[in-house]
Amino acid sequence: MKKYFQPSFVILIIFTVLVLGVVGNMSVDQKRCWATLKENNCVHDECRSMCLKKNPKGHGRCIKSSKGRIICLCGYDCP
């Protein structure tokens, strides 16, 4: 029974350390900034590409605005 317990326990410890390392690496205090890159006719791949050019860690998304247009928003960590 010990042989089954030890590898499972070691795997659990390694997994826990990895998860805590990833979660600990995230910045809780970091605010998110948004920039409108295109006012209408957003294409997802184009929006994502423009956002990555603006900020290498940015995430471009096409969303529907309050005026009914599909706009490109770029989300990134504020400087």
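In case you wondered, yes, glycine gets a Cβ from its N, Cα and C as well.
Computed from a predicted structure; not experimentally measured.
These features come from Swiss-Prot:
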SIGNAL    1-24  signal peptide
DISULFID  C33-C78  disulfide bond
DISULFID  C42-C62  disulfide bond
DISULFID  C47-C72  disulfide bond
DISULFID  C51-C74  disulfide bond
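Features recorded in Swiss-Prot, as mapped to the structure shown.
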residue	record	Cβ contacts under 8 Å, 6 or more apart
C33	disulfide bond	G75, Y76, D77, C78, P79
C42	disulfide bond	C62, I63, I70, I71, C72
C47	disulfide bond	L37, K38, G60, R61, C62, C72, L73, C74
C51	disulfide bond	L37, G58, H59, G60, C72, C74, G75, Y76
DSSP-derived class (H/G/I helix, E/B strand, else coil) of C74 (disulfide bond):
strand
Fewest other Cβ within 10 angstroms of its own Cβ, chosen from the disulfide-bonded residues C74, C78:
C78
Can you tell which of C62, C72 has the most other C-beta atoms within 10 Å, given these are the disulfide-bonded residues?
C72
In the three-state scheme derived from DSSP, which category covers C33 (disulfide bond)?
strand
Give the three-state DSSP assignment (helix, strand or coil) for C62 (disulfide bond).
strand
Secondary structure at C51 (disulfide bond) (DSSP, helix/strand/coil)?
helix
